[in-house]
Amino acid sequence: MQTFHSRQGRTRTEVRAVDGVDLDVAEGEVVGFLGPNGAGKTTTLRMLTTLLRPTAGSATVAGYDVVTRSEDVRRSIGYVSQTGAAFSGARAGDEVVDHGMLYGLPRRAVEERGKELFERMDLSGLWTRMPRSMSGGQKRRLDVVMGLIHEPRLMFLDEPTTGLDPQARANLWDHIRDLRDRLGVTVLLTTHYLDEADALSDRIVIIDHGRIVASDTADHLKDRVAGDLVDLELVDRSRIPDAVQALDRLVTDRSGVDVTDHHVRARVPQAGRSIQGLIRHLDTAGIELRTIEVHRPTLDDVFLSLTGRSLRDAETAPAGTPGSPDGVPAPPVPAGTPTGTPTATEGALR
Amino acid sequence: MRFFRDSVIVFRRQLRMNLRNPAWVIIGMLQPVLYLLLFGPLLEPLIDQFGAQNAYTFFVPGMLVQLGVFGAFFAGFSLIGEWREGVIEAERVTPASRTALLVGRLYRDLLQLLVQAGILIGLGYLLGMEASGVGLLLGVALTLLLGGACAAASNALALTTKSEDVMAPVINMVMMPVLLLSGILLPMTIGPAWLERASDFMPIRHVVDGVRASFAGDFASSGVTWGVVWSLVLFTLAVWWGTSTFRRENA
């Protein structure tokens, strides 16, 4: 276990970090950091990106220690924060060039790379536009361009699609996938949207109260939950006891069968395999069905089974929003940092 | 070398944004003119009481320091806007030197102050100021150090408070005693003894005395020495403070 002292506002709070978690990120992997607001996602990210100095404990990013080799870490990573990176009243291109030059790159190289990234990110023609007169999606993509300007192998995206309309979100998702597929960039992104983690991540790390509660692919995580939800709607209510009996045979844990009105529901592991037998059984027993539905578990189910709360409940609980403005003392935000051994050479994060 | 390059990048960016704002340019140029043309005639009749011979040789250094201190105190406000939009954080994830992030911004404030000093001194000459060339350069140098210190402190305060609403009253509160006790416009020698004692503890007062003494060509006096010492001390402390807030800024 690692402990960090973190200063929030004026109060100095001791926050407990992640307990014995190994997190290896392979090169070219997209890892989603999922958790409710205040779970410690942003704090963790800020420590991994050297913005927040852990007063105890250690973390290694891209092969460098975040405290002792912070400059090397900064050179190797790109970071897109929640707030953005470009000043609203400056020209987009100027901001990109200045940002790139702060990495010690020559002006011409940065300009070339910047314009190329503008093309790639659907920002062509916006080089001299001010972010103030850009749409939310364009601004976000500009932030990503700034994070990519020095060709980092590892990108940190902090809630990249928060505040975007659905279309802009879907568009940004495509671009994030593109980072991995075409540029081979390793991506670690935080999100509190289930669908986002599901859609983008090769692997999902669920964090709650500063602890990593799970780390696996979306499919494996879903399999770990009691199983798929099978929902039978009966025509004749009097046959419900028979249907319950039939379904109960497929349930492997103690979650049981749930009955409401004409519906009989239960969690069945790998329902795809057993559903055929179930239908055959119901058919021979003469139980007529109006509808049958099979739902893969959602990440919300995963979160519920791991923490006992749904993600939405966790959000509404009084949680400190990381990055609350002007030193208003926020409730202690637990912070975590993953440790382990790097598996990939460059994009490795341990 | 690396530090210089980084700070120039930051400076160029700041200057580009400020030059795009015509109000910044016009007000900056107008300020010294207004000071001199409005305050000058008011203070001229009082000059005999201060024991100085030439009114403008006496007032111009004071106005110079006031211009430097006041302009610089407000430098931090633009930083809050940048912080809010994530610019500071974006700069902090680059390997650029933290001191360069601060100093690049100070260059802009110092350039503004230098241009203003040029206008003020030029006008002062036109109105009859007599000052030694070397003393003038030394006086401007001291003012730049002091202005740089105030701008650095203002930036540090901005990143500490992160709110214009907190920063404005703090600056107002600081500025009142500074204006009074440093004898920027009226020398402390005309006040009661206890007030003059109090002003001995105001470092900026020694810088004002130093600038005044060097304009008057009075290099042998202890005023110049103390002015140099204090402006260097203030500058060093403020840059150190400012750098540490850039390094440790916590959001």
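Every residue gets a Cβ built from N, Cα and C, even glycine.
Since the structure is predicted, the reported quantities are computational estimates derived from the model, not experimental observations.
Summarising the annotation, TrEMBL assigns domain 'ABC transmembrane type-2' to B:23-249.
TrEMBL lists B:21-43 (among others) with the feature transmembrane segment.
Here the transmembrane segment (B:55-80) has long-range neighbours at 28, 31-32, 35-36, 39-40, 43-44, 47, 88, 105, 109, 112-113, 116-117, 120-121, 124, 127-131, 139-140, 143-144, 146-151, 153-159, 161-164, 167, 171, 174-175, 178-179, 182-185, 204, 207-208, 211-212, 214-216, meaning same-chain residues at least 6 beyond its ends whose C-beta is under 8 angstroms from one of its own. Residues or ranges marked as transmembrane segment by TrEMBL: B:55-80 (among others).
Residues or ranges marked as transmembrane segment by TrEMBL: B:110-128 (among others).
Using a Cβ-Cβ cut-off under 8 Å and counting only residues 6 or more beyond its ends in the same chain, the transmembrane segment (B:134-158) has close neighbours at 61, 64-65, 68-69, 71-77, 79-80, 83, 102, 105-106, 109-110, 113-114, 117, 121, 167, 170-171, 204, 207, 210-219, 224, 227-228, 231-232, 234-235, 237-239, 241-242, 244-245. Per TrEMBL, transmembrane segment is recorded for B:134-158 (among others).
Annotation source TrEMBL lists transmembrane segment at B:170-195 (among others).
For B:224-243 (among others), the entry in TrEMBL reads transmembrane segment.
When each of the listed stretches B:21-43, B:170-195, B:224-243 is scored by C-beta pairs under 8 angstroms to the transmembrane segment (B:110-128), B:21-43 comes out highest.
Among residues of the same chain six or more beyond the transmembrane segment (B:224-243), those with a C-beta under 8 A of the stretch's C-beta atoms are 98-99, 102-103, 106, 138, 142, 145-146, 148-153, 155-156, 203-204, 206-211, 213-214, 218.
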